[in-house]
Amino acid sequence: MMSTTASHGRVMILPSPSRALQNQQPLIGSDMFRLKQTEPRGSRLVVAATAKYKGTKMREEKLSEMIVEKVKEATEVCEADVRSEECKVAWDEVEEVSQARADLRIKLRLLNQDPLESFCQENPETDECRIYED
């Protein structure tokens, strides 16, 4: 279930935290490499695109919780007058926390990327990046 909120004429779609928790399957192992339990046969290795450290994972969870709290606060503030300055400030706070979480996800995605891959995207003509076919 997704919830939508309006902010200065814009609509933001926020994921429901309860649904995200429901879709998780039991996993074994570290944050980077996990064994996913499968019903009929054993397990298979899954490379997770998550944080390398527990602190970054906790930070993302904390930001998600903050978004939910800020949405509740903004909804309460805007019940009286949607056009008030307090309402605008409350939705700006929601937007800032949402952007912080998005920036963290982008940063984590870039950290998990192979450095040679990003180098080759910028310099495809170099010897290190040439692809030879048989």
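Note: Cβ is positioned from N, Cα and C throughout, glycine not excepted.
Bear in mind that TrEMBL entries carry predicted annotations, made automatically and left uncurated.
Features reported for this protein in TrEMBL:
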- 63-134: domain 'CP12' (DOMAIN)
- Cys78-Cys87: disulfide bond (DISULFID)
- Cys120-Cys129: disulfide bond (DISULFID)
Within the domain 'CP12' (63-134), residues counted as helix, strand or coil by DSSP: 54 helix, 0 strand, 18 coil
Cβ neighbour count within 10 Å of Cys129 (disulfide bond): 14
Segment confidence, the domain 'CP12' (63-134), expressed as mean pLDDT: 89
